Amino acid sequence: MSLLQFSGLFVVWLLCTLFIATLTWFEFRRVRFNFNVFFSLLFLLTFFFGFPLTSVLVFRFDVGVAPPEILLQALLSAGCFYAVYYVTYKTRLRKRVADVPRRPLFTMNRVETNLTWVILMGIALVSVGIFFMHNGFLLFRLNSYSQIFSSEVSGVALKRFFYFFIPAMLVVYFLRQDSKAWLFFLVSTVAFGLLTYMIVGGTRANIIIAFAIFLFIGIIRGWISLWMLAAAGVLGIVGMFWLALKRYGMNVSGDEAFYTFLYLTRDTFSPWENLALLLQNYDNIDFQGLAPIVRDFYVFIPSWLWPGRPSMVLNSANYFTWEVLNNHSGLAISPTLIGSLVVMGGALFIPLGAIVVGLIIKWFDWLYELGNRETNRYKAAILHSFCFGAIFNMIVLAREGLDSFVSRVVFFIVVFGACLMIAKLLYWLFESAGLIHKRTKSSLRTQVEG
């Protein structure tokens, strides 16, 4: 890449970054937080944060990258995607009408809400316990990170339930919403994330998500400022780099440490070059249609229920890894959101996907606002826990693609909804047995005096 070519790419990158950052800033000033703000920051991180890192790798370490015209296509496709997404998100689908009382879809009380977070936490802890009994601490047993996907590891399906510890702790926080509950959320979820990091063998997702939710709650409540958020972001990048070194068993120093930091940080937070690689091989792609979305559900079907279930699921990430890159190392390489759309239907699917994503984020913001307006604090805690708990799925959306997002968000909704139903059923059984006693002012006063 020549300096002239880099200059042209830099101008496009700067214009796209300023365009998205400006719209995000205006939205932040208007509402302080919603899921449009979160997705916009996530989109910036995924598709634009990596460009400066790539530039340093090219000019400082002479690392080979895709041709400049392909990198330009990647930047422009990301910028155009966001423009279509933003217009879709801001388009009002129906006329604003005055709020009229409606019969609520469901209600929550204190006992049902507490039962819900206990069940969610129980699912996570029991899953971790069973996985640990089968495999021990994989971080200290395996020689390479790719081995966690091998046949040596049993009970892999249990990992999908680990994440429900975070929604459980979110319910606990939203029931109190003070600084102590906020700090308790951070300590409990990060400690759990570190535990799963050691047990699973290097998976950092729970730590990243817990830290991100903690920061956004702090921004919403005004407990941290923007400069504190930026400082925490830098700390998070350094922390993720250190965990990556431990995961891959690397011991580096000097120039090698700087080089390793650049490419690991780029691959962790901003795999935009994967989109460029996909576009570089555009003519070799056999468009998959909506099949990757259907195939991604295969992993949730037990083998005893479907004996002939394919052992290898050809979703967009695996198609990109195996068919496009011819990489069979055992690790799936993230195609990114836009890359998954290209795999499914080529360039035509990019604006269509942007419209779909705009509607998805719009729905989450509608649900979030519903929680903000809810007068029943127990129901509000459940709604907010569901919305913030889905942040993991939005990260999957930006990094892994639309197919991975759809299967995971459906799984999340089913498990979360099942926990709600079980909590309500248990409450009904306890109430029928006479074990539930309503609190009265006199009993509360007696407890305080006693």
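Cβ atoms here come from the backbone N, Cα and C positions, even for glycine.
Look at Swiss-Prot and you will find 6-26 (among others) tagged as transmembrane segment, backed by sequence analysis. Within the chain carrying the transmembrane segment (6-26), a Cβ under 8 angstroms from the stretch's Cβ atoms is held by residues 37, 40-41, 43-44, 48, 51, 55, 58-59, 68, 71-72, 75-76, 78-79, 82-83, 86, all 6 or more beyond its ends.
Among the features that Swiss-Prot reports, transmembrane segment is placed at 37-57 (among others). Residues 6, 9-10, 13, 16-17, 20-21, 23-24, 27-28, 31, 63, 65, 74-75, 78, 82, 85, 216, 259, 262-263, 265-266, 269-273, 275, 336-338, 357, 361, 391, 394-395, 398-399 of the same chain, all 6+ positions outside the transmembrane segment (37-57), place their C-beta atoms under 8 angstroms from a C-beta of that stretch.
Using a Cβ-Cβ cut-off under 8 Å and counting only residues 6 or more beyond its ends in the same chain, the transmembrane segment (63-83) has close neighbours at 1, 5-6, 8-9, 12-13, 15-16, 19-20, 40, 43, 47-48, 51, 54, 57, 263, 272-273, 275-277, 279-280, 337-338, 347, 350-351, 353-354. Taken from Swiss-Prot, the feature transmembrane segment applies to 63-83 (among others), supported by sequence analysis.
Residues annotated as transmembrane segment in Swiss-Prot: 118-138 (among others).
The transmembrane segment annotation in Swiss-Prot covers 155-175 (among others) and is backed by sequence analysis.
Proximity of distant same-chain residues to the transmembrane segment (181-201), defined by a Cβ-Cβ separation under 8 Å and at least 6 residues beyond the stretch ends, is recorded for 124, 128, 131-132, 135-142, 145, 147-148, 153, 159, 162, 165-166, 169-170, 172-173, 175, 207, 209-211, 213-214, 217-218, 221, 223, 243, 247. The annotation transmembrane segment is assigned in Swiss-Prot to 181-201 (among others) on the grounds of sequence analysis.
What Swiss-Prot records for 207-227 (among others) is transmembrane segment, and it gives sequence analysis as the kind of evidence. If one looks beyond the transmembrane segment (207-227) by at least 6 residues along the same chain, the residues whose Cβ comes under 8 Å of a Cβ in the stretch are 32-33, 38, 163, 166, 170, 173, 177, 179, 182, 185-186, 189-190, 192-194, 197, 233, 236, 239-240, 243, 388, 391-392, 395.
Beyond its flanks by at least six residues, the transmembrane segment (228-248) meets 139, 144-145, 197, 201-202, 204, 207-208, 211, 215, 218-219, 260-261, 264-265, 268-269 of its own chain at Cβ-Cβ distances under 8 Å. The transmembrane segment annotation in Swiss-Prot covers 228-248 (among others) and rests on sequence analysis.
Outside the transmembrane segment (341-361) by six or more residues, the chain places 35-36, 39, 77, 80-89, 91, 275, 278-279, 282, 285, 287-293, 316, 319-320, 335, 394, 397, 401-403 with a CB less than 8 A from a CB of the stretch. For 341-361 (among others), the entry in Swiss-Prot reads transmembrane segment, with the evidence type sequence analysis.
Per Swiss-Prot, transmembrane segment is recorded for 378-398 (among others), and the stated evidence type is sequence analysis.
Remote same-chain residues near the transmembrane segment (410-430) are listed as 106, 109, 111-113, 115-116, 119-120, 123, 160-161, 164, 167, 297, 300, 382, 386, 389-390, 392-393, 436 (criterion: CB distance under 8 Å, separation of at least six residues from the stretch ends). Per Swiss-Prot, the feature transmembrane segment maps to 410-430 (among others).
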Which sequence positions outside the transmembrane segment (118-138), separated from its termini by at least 6 residues, show Cβ-Cβ distances below 8 Å to it?
-> 147-148, 153-155, 158-159, 161-165, 167-169, 171, 192, 195-196, 198-202, 415-416, 419, 422-423
